[in-house]
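Structure record follows, encoded as structure tokens.
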Amino acid sequence: MANKSSSEGFILMGVSDHPQLEIIFFTVILISYLMTLIGNSTIILLSRLDARLHTPMDFFLSNLSTLDLAYTTSSVPQMLINLWGPEKTISYGGCVTQLYVFLWLGATECILLMVMAFDRYVAVCRPLHYTTIMNPRLCWLLAVLAWLGGLGNSVIQSTFTLQLPLCGHRRVDNFLCEVPAMIKLACGDTSLNEAVLNGVCTFFTVVPLSVILVSYCYIAQAVQKIRSVEAWRKAFNTCFSHLVVVFLFYGSAIYGYLLPAKTSNQDQGKFISLFYSVVTPMVNPLIYTLRNKEVKGALRRLLGKVRKAG
């Protein structure tokens with residue numbers, strides 16, 4: 001029974017205990033995924049085509065959109081396949097790949113949101129030195145560190161999780177292969193895995209979130225001194241967008257990963273994982289587009305060119 005999971009793969013249960021909900025979930029997730037593809041691809045396209053969006057903030061926003069595209073694509077297509085038909089299986093290799101990639105991109109987003117908060121801090125609190133501090137070399141360095149840091153988290157957590165004895169258990173009570181669901185599947189002592197999970201997740205959530213909150217405390221102090229209504233509104237719009245994304249992502253990730261894996265409510269856990277894997281990547285481009293005057297302007301210019309060309 002020990003090698004059964006490796007040879008036959010896993011069964012992703014999803015909402016199979018409520019089959020009447022599967023078509024509803026399939027429709028909602030498909031629409032969300034299509035909106036994610038369109039929204040994030042639009043932001044990436046605008047940042048490449050419009051010279052006015054070649055600022056550090058737009059560089060990091062483009063990174064976030066690229067990350068969200070990969071993040072959802074690592075899990076959503078498999079969800080849709082499992083929700084559409086009676087077959088709920090995923091191969092062992094597919095599950096392992098999903099585990100590594102999902103963790104890598106999730107942790108990268110944690111760091112990237114912190115980097116974006118630092119960018120906003122420099123823009124508001126050190127406006128005269130903004131272009132000097134946030135030079136292209138530093139932007140690329142911060143982006144690379146975010147991606148490599150996320151990869152390090154994935155290697156640690158996924159490798160520890162894959163060492164667990166499964167004793168032939170194949171039914172993953174979730175929409176995707178991720179660490180808390182895999183720990184619940186184990187038949188041995190998982191205390192070390194839970195300790196590693198809590199330690200690493202605390203580092204990748206609490207530390208960046210603390211830096212973000214401290215940055216916004218300084219930003220709030222600086223904004224209070226701004227006398228120009230237009231400058232105050234611009235600072236508020238860009239910072240508010242980022243804060244909304246931060247609380248959506250970090251709130252769901254902390255709930256999903258920092259609660260004890262063996263004792264948390266599994267139904268709540270899998271719907272939370274659905275939230276940060278499907279909903280958050282979908283709303284990120286909407287939030288930034290609706291609150292960012294430069295992005296809206298670039299979108300209008302692009303649509304105008306398309307209409308003229310047509």
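Residue numbers in this text run from 1 along the chain shown.
In case you wondered, yes, glycine gets a Cβ from its N, Cα and C as well.
TrEMBL: automatically predicted annotations, no manual curation.
Noted in TrEMBL for the protein shown:
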type     : residues : note
DOMAIN   : 39-288   : domain 'G-protein coupled receptors family 1 profile'
TRANSMEM : 23-47    : transmembrane segment
TRANSMEM : 59-81    : transmembrane segment
TRANSMEM : 101-118  : transmembrane segment
TRANSMEM : 138-156  : transmembrane segment
TRANSMEM : 195-219  : transmembrane segment
TRANSMEM : 240-259  : transmembrane segment
TRANSMEM : 271-290  : transmembrane segment
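Same-chain residues lying 6 or more positions outside the transmembrane segment (240-259) and placing a CB less than 8 Å from one of its CB atoms are 106, 109-110, 113, 116-117, 120, 179-180, 197-198, 201-202, 205, 209, 212, 216, 268-269, 272-273, 275-276, 279-280, 283-284, 287-288, 290-292. When Cβ-Cβ distances below 8 Å are used as the criterion, the transmembrane segment (271-290) is approached by residues 29, 32-33, 35-36, 39-40, 42-43, 61, 64-65, 68-69, 71-72, 75-76, 79, 102, 106, 174-176, 178, 180-181, 241, 244-245, 248-249, 252-253, 255-256, 296, 299 of the same chain, each at least six residues removed from its ends.
Long-range Cβ contacts of the transmembrane segment (138-156) within its own chain (Cβ-Cβ under 8 Å, at least 6 residues beyond either end) map to 56, 59-60, 63, 100-101, 103-112, 115, 118, 196, 200, 204.
Non-local neighbours of the transmembrane segment (101-118) in the same chain are 57, 60-61, 63-64, 67-68, 70-71, 74-75, 142-143, 145-147, 149-151, 153-154, 157-158, 176-179, 204-205, 208-209, 211-212, 215-216, 242, 245-246, 249-250, 253, 276-277; each lies 6+ residues outside the stretch with a CB under 8 Å from one of its CB atoms. Note: the stretches the transmembrane segment (59-81) and the transmembrane segment (23-47) are in contact (3+ CB pairs below 8 A, sequence gap of 6 or more). Away from its own ends, the transmembrane segment (195-219) comes close to residues 107, 110-111, 113-114, 117-118, 120-121, 124-125, 149, 153, 156-157, 160, 179-180, 183, 235, 239, 243, 246, 250, 253-254, 257-258, 261 of its chain (Cβ-Cβ under 8 Å, at least six residues beyond either end).
For the domain 'G-protein coupled receptors family 1 profile' (39-288), the mean pLDDT of the prediction comes to 83.
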